[in-house]
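**Student:** Dropping the structure in here first, questions after.
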Amino acid sequence: MRIIFAGTPPFAAAALEALADAGHEIALVLTQPDRPAGRGMKNASSAVKLLAQKRGFGLLQPPSLRQPELHMQLEAVRADIMVVAAYGLILPFSVLNIPKLGCVNIHASLLPRWRGAAPIERAILAGDRETGITIMQMDRGLDTGPILLVRSITIAKDDTAGTLHEKLGQLGAACIVEALALLQQGKIIATPQNDLAATYASKLEKTEAEIDWRMDAENIDRAVRAFNPRPGMHSTVNGISMKVWQTSVDIAETDEKPGEIVAIRPDGIVVACGKHALILKIVQKSGGKKLRSAEFLLGHSLHPHDRFESGE
């Protein structure tokens, strides 16, 4: 197939490479403009841009898809289909009708559950046991189009948003290759979504990243995994602001108040929560490196009954 591909992060780059390796013609790649990133805030290219340059694909980085000139460029490509994966820009309805077979999206959830911007993180936060990839035909709505193909995977107890992004990136790559092959063979039947079963995955807000120790330890543990690697859950104790990167739940009941340190153990700092306790295993002081709690405590004095501040 002759394809226009639109995507930005590594999740999308995996799909682009798989499509090219499967023999499809990548006629044009769209990705977001370079943006400041890292400590130096220097302009950085997206994973999709780097791959497109490496493979010699035609590349455009428009700030918006609403310009008439861009529509003319897309029409001139005469693509069979447009594949969209974590692009980050809204596709106007007029663009959806440009390719012969329209536009399909690689969405990182089991639609109609978790439509929207942060399906991977919201699945972890909700304690979902499985997630997956949905290949869907794009329409006017937000992830509302007919389903072409679905594949699921189990969410492991130690999965973070980062590890799940990697797993789903590989699954998404395999799924889009499979879906296009079935489409070419006329073996796909588009299935409408059940709107009554839809849930929405709103983007993560910074206000959600402050630990509220009044919550159940299990819920905080999920939040730590969902916010890893970005933006990272954080809390403050004895004036020390730290991010918490890895935790586990201690189901023993405690009499301490939420946020109060119950014990300092070889496996981590045990903190009381609204229910049960949380073991902080890997932490990072503001401006410092990620450290196992035992290493962190070599340079910072924390004791039982010291209390973390609680976000609300």
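Each position is counted from 1, following the chain as shown.
Cβ atoms here come from the backbone N, Cα and C positions, even for glycine.
In case it helps, Swiss-Prot gives these features for our protein:
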- Ser109, Leu110, Leu111, Pro112: (6S)-5,6,7,8-tetrahydrofolate binding site (BINDING)
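What's the neighbourhood like for each of these?
**Tutor:** A simple way to gauge crowding: the CB of Pro112 ((6S)-5,6,7,8-tetrahydrofolate binding site) has 20 other CB atoms within 10 angstroms, across all the protein chains here.
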**Student:** In the structure shown, with every protein chain counted, which of the binding-site residues Leu110, Leu111 has the densest set of Cβ atoms within 10 angstroms of its Cβ?
**Tutor:** Leu111
**Student:** Determine, for the (6S)-5,6,7,8-tetrahydrofolate site, the additional residues of the same chain whose CB lies within 8 Å of the mean position of the CB atoms of Ser109, Leu110, Leu111, Pro112; present them in sequence order.
**Tutor:** His107, Arg113, Trp114, Arg115, Pro119, Gly132, Thr134, Asp143, Val150, Gln193, Ala198
**Student:** Provide the number of Cβ atoms within 10 Å of the Cβ of Ser109 ((6S)-5,6,7,8-tetrahydrofolate binding site), excluding the reference atom itself.
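**Tutor:** Step by step: centre on the Cβ of Ser109 ((6S)-5,6,7,8-tetrahydrofolate binding site), count other Cβ atoms within 10 Å, giving 25.
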**Student:** Through the lens of DSSP with three states only, how would you label Leu110 ((6S)-5,6,7,8-tetrahydrofolate binding site)?
**Tutor:** coil
